[in-house]
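Working notes, structure below.
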Amino acid sequence: MKKISRNDPCPCNSGRKYKHCCQQSEEARSAAQVAMRVANGHAQTPSSDPSIQAYLQTAIEYHQAGNLPQAEAIYRQILQAAPDHPGALHFLGLIARQVGKNEAAIELIGKALAFKPDYAEAHSNLGNALKDQGRLEEAIASYRKALSFKPGFTEVYANLGNALKDQGKLDEAIASYRKALMLKPDFAEIHCLLGNALNEQGKPGEAVTSYRNALTYKTDFAEAYCNLGNVLNTQGKLNEAIVSFGKALVLKPHFAEAHSNLGNALREQGKLDEAIASYRNALAHRPDYAEAYANLGNALREQGWLDEAITSYQRALKIRESPQIKNGFAQCIKNIYFTHEIPGIRFLVARAISEPWERPADLANPAISLVKLHPGIKECIARATRAWPSGLSQHELFGPPGAFAFASICDDVLLHRLLENTTVCDRELERFLTMARSSLLDKAIAEENYPVSEEKILAFYCALARQCFINEYIFAWSSEESGRARFLRERLAAALAAGSRVPVLWLVAVAAYFPLIALPSIEILLDQSWPDTVAALLVQQAREPLEELQYRAVIPRLTPIADGISRRVQKQYEENPYPRWVKLPPGARAISIDAYLSERFPFSQFQPMGLTDKNEARKNEPLEILVAGCGTGQHSIATAQRYQNAKVLAIDLSLTSLCYAKRKTREAGLENIEYAQADIMALGVVDRRFHIIESVGVLHHLADPMGGWRQLLSLLRPGGFMRLGFYSECARQNEAAAQNFITGHEYQPTPEDIRRCRQDLMSLENAGQFRQILSARDFYGMSECRDLLFHVKEHRYTLPQLKANLQELNLIFIGFSLEPGIINQYAARFPADRSQTDLDNWHVFETENPDTFTTMYQFWVQKRGQEP
């Protein structure tokens, strides 16, 4: 075993030399003397035996050599003689941390500090143990305490920076790293840490400089080459990134992260075979590398090897179910229409749609395709489709009780989760569910005391009723069926008024035709005991709507609503919350607006907002955001979670939608969103200014969209950003044809006419002509269909028109928000336009690819100028 030298690194992990650290501890020497005397059978006199230093050094040598049991034994012998010895307690705490016993480490190091409060190294290592446990505030306090005793403690500034970065306090983290580098400018590892923080802050250019500085001082620093490659990749400098990853791998051939990141760059270049090989190399060196399995899954999916892609994601999820991997799986499958079963996939999709891992609506198609593959459910759907528009009895639709088909419907968890969480956007499945609802009504009327002994049968019926509420009762019904449903609703209302027992099937059947909140005294049922599935139905249709009603009195009105079109639009959106949604996935970690835009538009020439670089007085200034036309809160919640230090004002014409949004915001536990009723055309009376204004799918419904745009622009600070969305004339041709059909048949925007119009569009004679409309998600919900096809006001645009508008308003175009596949297609078509901001080129591209902007022209712009 090598004897520890005065110039060796101290084993306490301070990063300092032993002679400048624990060798100087007077307590260590005296306690070691006591321990030596104990070992020799002499009296316990803490400072009387100079040979104790050699004894302590022996323990330290064992510790440094990795012989932790022997080191621990000697530290404990010291503590037997001197229980209050700080050095032995500290080193023993380090061993506890090294073997993963953080609680013990915290306790031991804490005892060391009780006996020696100015022990800087112990404060530092206590901070490390606390950080390991996620106790960041306490860790930061410990690091600051260490620095108060040793202001020149370089490594502690680095550790403090790491903890601050983990808290998302990037300004403070960067300041801490810079202080460390002032003390030790050639500390390559801290240059690398600084680069990580700068990159996360949205300053990729400065991050690259930091990584290159690290490599200047440590030319064989593989991790710095890897991090440099990552930033170059996000900047779109793929060839340079690949070179950097290659250098990392020359230095460290088994560097799994570098292999995986090289795969990402190759995948961006479209070199899928090489990317897949890189991911497999990463996994060869690190078989438990979940992110590499996920990346491999994405590449396999793009290669068209769906089964292999799903298998790869299953392996990733088995190793670690991180939010990123869950979301990656959801992104991998969201545009897939499965044509065959894949082992284990139904379970994962059911979880993804119900937890959720992505917006449930984005997972509806893969879920529907899997539901329709189930043999029993497939049989029921086929019966309904053959009989339509004629109805079927329960026996005809499901077969006899206990039959395979009926059991399949009741047992299928994926079907139930689909019905409970998002609109079912499939014509055949809708027809089956329409008939299933009718059979439920028959059963409820015929057998008022029907004991639903089978929990799974009740679960299916409740899920069906919840689906009907989500789609706002868009399923077709005949006048005869409508009469029977109204008859049952009256019986249920009478039972409530009389305080009589309510048969469970009455409640479920009525909920499948009408919202329960409309029944008088429905709150009586909320305090009664029900099966879990019925209780969840009551929460959806009674408790939550009751909460929304309470918010109507507290949401302020910022502006009058006097414009004629605005009042008509308001009336349309007051009928129901729009769009109705159930769940959102967890928000990703908040980042700066500069980082967000840099990541999405790496070559776009916009001026960073740089709020974090303002003077000290404005350092903690909130990022003021206006969401104009927030609807039911999906947009405002996502925005509030996306940006650091965000403070959101979300406005809408519809008080009904705002109340829904406020309830959902409370559900999400967010406190940085303020809701108010306002008309964009009247925002001139609002005395506030914003760093960001987002208004997607709103301005094109105004009487004067350009006037509304100017109103919003007047509230945007110089240098501020706008995110906007407008209908495309080219992409809305199918909707325009359907609107002409509606006008020709004189359908009105009432629930009855919308139901009737939908059935006409889905008929055999029209289905082919309107197949694009029938595949639209919005076609399958009442308010969504009204917005899609029956809106009171709609403007559509071309890219030359938008280009002229941007020039007139003197705005800088930053880029479109589009799927990566479209971005790559455009890059191949117009390689010279690296920033992808040439709207003339985009007009050509859209002409060649008319479906490019089916979800609107969604884009970012910047207001010229800069705040003082």
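Quick reminder: no glycine exception, Cβ is built from N, Cα and C everywhere.
Among the features that TrEMBL reports, repeat 'TPR' is placed at 52-85, 86-119, 120-153, 154-187, 222-255, 256-289, 290-323. Marked as domain 'Methyltransferase' by TrEMBL: 625-720.
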What mean pLDDT score does the repeat 'TPR' (222-255) have in the model?
96
Checking distant contacts: for the repeat 'TPR' (256-289), what same-chain residues at least six beyond its ends satisfy Cβ-Cβ under 8 A?
222, 225-226, 229-230, 233, 238, 241-242, 245-246, 248-249, 295-296, 298-300, 302-303, 319, 824
Using DSSP, break the repeat 'TPR' (86-119) down into helix, strand and coil residues and give each count.
27 helix, 0 strand, 7 coil
Could you give the number of helix, strand and coil residues in the repeat 'TPR' (222-255) as assigned by DSSP?
27 helix, 0 strand, 7 coil
